[in-house]
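If you look up Swiss-Prot, you'll see GLY75, LEU80, VAL126, GLU127, ARG141 marked as S-adenosyl-L-methionine binding site.
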Amino acid sequence: MTLSQQLSTLISKTQLVVSQEQIDLLIQYVELLNKWNKAYNLTSVRDPSEMLVKHIMDSLMVGEVLIGKNFIDVGTGPGLPGIPLAILYPERNFVLLDSLGKRITFLRQVVFQLKLSNVTPVKARVEEYQGEEPFDGVLSRAFSSLNDMVSWCKHLITTEQGRFFALKGQYPQDEISQLPENITLVDSHEIIVPDLVGERHVIVLKKLH
C-alpha cells in the first residue's frame, strides 16, 4: 500500500472528513519530514508508515476538541500537532513556536512547499514571545507537566475564551491536582487514534481571570 492509501485507511476508521487534496498535503509533509530527518534528527520516528499513526493521526484527532480560530503550538518540534491541524483546518491560523533553529528552518520549507498560508513558524523561547493578537488556544504535546505548560504559556492567553489544550498519554490525575488555583480544568477528552498502542488524552484548561 502507498502512504496515501495507508493514511486513507486510517482516516476511514475515524469520523474525520479529509479531502484527497488534504491527504496529498499530509503525505508531502511526511515525505519532507522523512527526508529532512536523516540530516536534522527532527523525530525519533524513522518509518514514514509509523509517522502516519504517531504523528499525523495523533495530531488530527485533536482537531475535534479545538474551539476558536487563532492557535499557537508551543514547542512544536517538527510541526506537531500544528502542521497536520493547519492542513485539516485551512480557515484557522497557527503560529508554530520553537527555540531550535533547525526545526524552524524545516517548518519554513514545509510552509513554502505546501503553500500553507495559515501557518507562521517562529523561532523564540516561549517566555520571551508575545503574540500580536490574542490566541484562542495554546496547544502543546511538548511539556512534561501541565504545571510547566500553564506556567510558561500563561501570558499567551489574554481573553476569557482562551484555552490550553495539552496532549497527554494517560489521564494525568496527579498533574491536574497540582495545578495552581487560578487554573481550572474545563474538559478532558480521551482520543482514540487508529492503530496507536496506548492511551491519549487532550486536557483542556483555562485561566480564571
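Glycine too: its Cβ is placed from the backbone N, Cα and C atoms.
Here the features listed in Swiss-Prot are placed on the structure.
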{"residue": "GLY75", "record": "S-adenosyl-L-methionine binding site", "Cβ contacts under 8 Å, 6 or more apart": "LEU97, ASP98, VAL126, SER140, ARG141, ALA142, PHE143"}
{"residue": "LEU80", "record": "S-adenosyl-L-methionine binding site", "Cβ contacts under 8 Å, 6 or more apart": "HIS55, ASP58, SER59, ASP73, ARG141"}
{"residue": "GLU127", "record": "S-adenosyl-L-methionine binding site", "Cβ contacts under 8 Å, 6 or more apart": "TRP152, HIS155"}
Per the record, S-adenosyl-L-methionine is bound by GLY75, LEU80, VAL126, GLU127, ARG141: how many Å separate the farthest pair of Cα atoms? 20
Name the secondary structure element type, per DSSP in three states, that contains GLU127 (S-adenosyl-L-methionine binding site). helix
Inside 10 Å of the Cβ of ARG141 (S-adenosyl-L-methionine binding site), count up the other Cβ atoms and send me the figure. 22
